[in-house]
Amino acid sequence: MRLSDVEANKDIPVERNTTSLDEEGSARGDSPPPHNYSKARLIALVATVTGAAFLNTLGVQAAVIVLPTIGHDLGIPDSRQQWIVSAYSLTFGCFLLFFGRLADVYGKKLIFILGSIWLTVVSIVIPFVSNEITFDVLRGLQGLGAAANVPTAIGILGVTFSPGKAKNYAFTCYGAGAPMGSIFGNILGGVVAEYVSWKWVFWILAILCALVSVAGQFIIPEPSSTEHGYGLKSSVDWIGGTLITIGLLALMFALTEGNVVGWNEPWISALIVVSVVLVILFVIWQWYLEHKTTKRPLMKVSIWNNMRFSSAMIIMALFFASFNNFLIFATYFYQEYLGLSVIQTTLRFVPTGVTGVLVAFVTAQILSRIRGSYILMFGTLCVGIACLLFAVPISTNTTYWAYGFPAMCLSVFGADTLYPCLTLFTAQSLPHEDQAMGGGLINAVGQVGRSIGLAIGTAVEVAVIARQKNMDTSTVGTTDLELRDSAMLDGLRAAQWLSSGFALAACLVAGFAFRHAGKVGHKH
C-alpha cells in the first residue's frame, strides 16, 4: 500500500453526491486538467506559486529582524513590539482554511492573484503609518493576503500535476520556498537594519508581490469547467467558516498573550475555553452538513476517520512546534545570551538557506524511491537532533562549526524532506475540488502547532529562569538579564529539550501510523 492511499470505501464515509479517490489518487468525476503545458510554463508555474511560500516567510523574518527599529521609530514599548509579528501570524493562521475553501469554490487562480495583489497594496501602505494601532492592524490585513495565496498555491500544484516525478519536483520546490524565504528574510532584514530605513523591507516585499501577481495572471492556467462546477455561493459554508476562524483567532490570541500577561489572567483562560467551544461547534456543524444535508461543508469531518490522514496532521503540528522553537530559541541564544549583533546572528543562519536548496533536489528524487515512513522519521529525527545540539551542555565557547553549523543543516534536512512529503500526501488524499482546502488545512494545523509549541516552550524557559533566580514567573519578562547569564542558558536549553521531545513524538507517530505505507511520490 502506498502512502497516499486513503481507502475511501473502508475508512472514509463518502456521500453519494460527492467524489472519492480512485486508484490514481484523483477524484472520480473530476479528472485532472490536460497536461498540454510546455515544460517552460510548468517550471514558471512552480516558481510563481512557490513565491507565495517564499514571500510569506521572507516578510515575517525580515520584520522580526527590524522589529526593534520599528518599535523605536513608532514609539512602541518593548512589551508590545511582538504584535508587529503576531498580528500577521494571527490572521494568516486563522484564515487559511477559510480562504482555501473559497479558492476551491471561486477558482484557485482568482484567489491566488487577489491575495498577491492585496499583499502588494498593504505592503506599500504600511511604511507610511506613524502610529502603533494602525501599524498592527495593517500587519493583520497583510496576513490575510498570505492566507489567501499560500493554500491556493498548494491547490494549484495539486490539480495541475498528476502523480509522478514532475509532481514530486513541484511540491519539493514549493516546500523549499518557506526555508529559503526565512533565510533571505534574515539577510534582507539585517542589511536594511544596518544600512537603510526599515520601510524598505515592506517596499521590497511589495515589489516582489507585484511580480508574483503579474506572473500569476499570465502563467497560472485558467480553471477547468469541473472546478467551476462548485462555484455557487451556496457552496461556501459561511457559518462553518465563521466558527473556525473566530475559534482559531481566540486560541492563537490567548496563546500569544499568555506568556506576556501571565497565564493566571482570567481572560486568557476564558478565551481558551471559548476557542475550544467554537471549534467543537464547528466540528458538529461540519458533521451535520456532511451527513444530514446536501450542502457542502467547509471541511468533511469524515476525512479524519482515516488514521494516516489524521496522523499526518498530528505530525505536522508536532514538527512545526519543534522546528519553529528551534529557530526562535537558537536566535535568543545568539542574540540575548551571547550578545551577537543582528548581522552576526543572520550569518549563522545562512547555512539553512544553502542547505535548503540542495536538499530540495535530493527530496524530489527520494519521494518516489524511499518509503514515506522512512522519509518522515528521518525528517523528524534531523530536527530533533538539531534541537539536542542546543540542549545538551556543550561549552558555549565551543566553535560554531562544531555544533551550530551542523544543527542548522540538520534542521533544514528535516524541514525540506518532511514538509514536501506531508503536503504531497495531503494533496493525493483529497479530491481535486478540495485541493486548496487541504493546503489551508495542513498549514493551519502547522500554525496551531507552532503557537502551542512556542507557548509551552516559552513557559518552560521562563519557569526555569524564575526557579534559578528565585523570582515569580510574571517578573521574568520585565527583568534585564546579563549576557551569558547561567539561568538564561538553562532556560534556553530546557526549551530546546522540549522541542526535541516534540520531534521525537512526531517520529513515533510517523513510525507507527505509516509503518506499512509505500512511496508517497510513486507514479501508479
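Residue 1 is the first one shown; counting continues down the chain.
Using N, Cα and C of the backbone, Cβ positions are placed for all residues, glycine too.
Lifted from TrEMBL, the feature list:
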REGION    14-35  region 'Disordered'
TRANSMEM  42-71  transmembrane segment
DOMAIN    45-518  domain 'Major facilitator superfamily (MFS) profile'
TRANSMEM  83-103  transmembrane segment
TRANSMEM  110-129  transmembrane segment
TRANSMEM  141-162  transmembrane segment
TRANSMEM  169-188  transmembrane segment
TRANSMEM  200-220  transmembrane segment
TRANSMEM  236-255  transmembrane segment
TRANSMEM  267-288  transmembrane segment
TRANSMEM  309-334  transmembrane segment
TRANSMEM  346-367  transmembrane segment
TRANSMEM  374-394  transmembrane segment
TRANSMEM  494-514  transmembrane segment
Listed stretch, out of 110-129, 169-188, 200-220, 309-334, 494-514, that has the most CB pairs under 8 angstroms to the transmembrane segment (42-71): 169-188
Residues from the same chain, set at least six apart from the ends of the transmembrane segment (236-255), whose C-beta lies under 8 A from its own: 89-91, 93-95, 97-98, 101-102, 105, 268, 271-272, 274-279, 281-282, 285-286, 289, 295-299, 444, 447-448, 451-452, 454-455
Whether the transmembrane segment (309-334) meets the transmembrane segment (141-162): three or more C-beta pairs under 8 angstroms: no
Stretch with greatest number of CB pairs under 8 Å, the transmembrane segment (346-367) reference, 110-129, 169-188, 200-220 candidates: 169-188
Interface-richest range of 83-103, 141-162, 267-288, 494-514 toward the transmembrane segment (169-188), CB pairs under 8 Å: 141-162
Positions whose Cβ lies under 8 angstroms from the transmembrane segment (374-394), at least six residues beyond its ends: 315, 318-319, 322-323, 325-326, 329-330, 333, 363, 366-367, 402-404, 406-408, 410-411, 413-415, 417-419, 421-422, 492-494, 496-497, 499-500, 503-504, 506-507, 510-511, 514, 520
Leading stretch by Cβ pairs under 8 Å, where the reference is the transmembrane segment (200-220) and the options are 83-103, 110-129, 494-514: 110-129
Candidate ranges 110-129, 141-162, 494-514 - greatest C-beta contact count to the transmembrane segment (83-103) (under 8 angstroms): 141-162
Same-chain residues at least 6 beyond the ends of the transmembrane segment (110-129) whose Cβ lies under 8 Å from its Cβ atoms: 49, 52, 55, 59, 74, 99, 102-103, 135, 138-139, 141-142, 144-149, 152-153, 156, 197-199, 202-203, 205-206, 209-210, 212-213, 216-217, 220, 223, 436
Contact set, same chain, for the transmembrane segment (494-514): CB under 8 Å, 6 or more residues outside the stretch: 3, 307-308, 311-312, 314-315, 318-319, 321-323, 325-326, 329-330, 371-373, 376-377, 380-381, 383-385, 387-388, 390-391, 414, 453, 456-458, 460-461, 463-464
Local confidence of the domain 'Major facilitator superfamily (MFS) profile' (45-518) - pLDDT mean: 87
